[in-house]
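Pulled from Swiss-Prot, these are the features on record:
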- 1-14: topological domain 'Mitochondrial intermembrane' (TOPO_DOM)
- 15-45: transmembrane segment (TRANSMEM)
- 46-59: topological domain 'Mitochondrial matrix' (TOPO_DOM)
- 60-87: transmembrane segment (TRANSMEM)
- 88-229: topological domain 'Mitochondrial intermembrane' (TOPO_DOM)
- H161, C196, C200, M207: Cu cation A1 binding site (BINDING)
- C196, E198, C200, H204: Cu cation A2 binding site (BINDING)
- E198: Mg(2+) binding site (BINDING)
Amino acid sequence: MPTPNQTNFQDAASPLMEELTHFHDHTLMIVFMISLLVLYILLSMLSTKLTHTNTANAQQAEMVWTILPAIILITIALPSLQILYMMDEINKPHMTIKAIGHQWYWTYEYTDYKELEFNSYMIQTQDLPLGHMRLLEVDHRMVTPLESYIRMLISADDVLHSWAIPSLGLKTDAVPGRINQAVFIIMQAGIFYGQCSEICGANHSFMPVVVESLPMNHFDLWLAMIDTL
């Protein structure tokens, strides 16, 4: 869940976001070590008067600064490729949900259930119940079953949008006339907030995304309840 003045990642609620967080820490540590090495070399050059006059045939140095960057790039590329594979992997999704972006709300279609479709608008501040998230709460949340693979089909009706949930590690562009795909699984029950992450007009900041994850029996109750509306 987002918090005021937050500078770190939101708590991961999916395996993908956990891997992205680990990859960020891994890459940041490599950058930190390289920065320390460069700083040490600069300080050494500034603080000593010793010079090396025979640099024309420094084959050992050339070998080091060729092989070492290659090793560093490999240590970054391998986990990155693994995460890219996880993003595109589809492992028999439990259901498919289509999200369509409009100015400035979302439409959700549960394609596995007949005539299950609704619009999701942001709740205005003056109508917001006590304790709810300002500018992030909606009148109809997208509800999914817990620990189930969900395939998202994402498109737009008018202009470019982007469907994003930071705690799930998801950010997929919604392009008019095109359908993009994302797959996720949520490992803990809860409510997860996001926003449209593509500038889409005057009310771009008022186009939140809310996903609620429920155990399967509660999800079935939600289906029965929404069918009666």
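Glycine residues also receive a Cβ, built from the backbone N, Cα and C atoms like all the rest.
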Which listed residue (C200, M207) has most other Cβ within 10 Å, given these are binding-site residues: M207
Positions on the same chain near the topological domain 'Mitochondrial intermembrane' (1-14), where near means CB under 8 A and six or more residues out: 20-21, 24, 133, 136, 166-169, 184-188, 190-193, 213
Candidate with the highest Cβ count within 10 Å, taken from the binding-site residues H161, H204: H161
Helix, strand and coil counts within the topological domain 'Mitochondrial intermembrane' (88-229) (DSSP): 22 helix, 61 strand, 59 coil
Nonlocal residues around C196 (Cu cation A1 binding site), in sequence order (Cβ under 8 Å, 6 or more apart): G101, W104, H161, S162, W163, A164, H204, M207, P208, V209
Secondary structure content of the topological domain 'Mitochondrial intermembrane' (1-14), with strand meaning DSSP E or B: 0 helix, 0 strand, 14 coil
C-beta crowding around E198 (Cu cation A2 binding site), within 10 angstroms: 19
Env. residues of Cu cation A1 site, Cβ within 8 Å of mean position of H161, C196, C200, M207 Cβ: G101, Q103, W104, S162, A174, Q195, S197, E198, G201, H204
Any further residue of that chain within 8 Å (Cβ to the Cβ centroid of C196, E198, C200, H204) of the recorded Cu cation A2 site: G101, W104, V159, L160, H161, S162, S197, I199, G201, M207
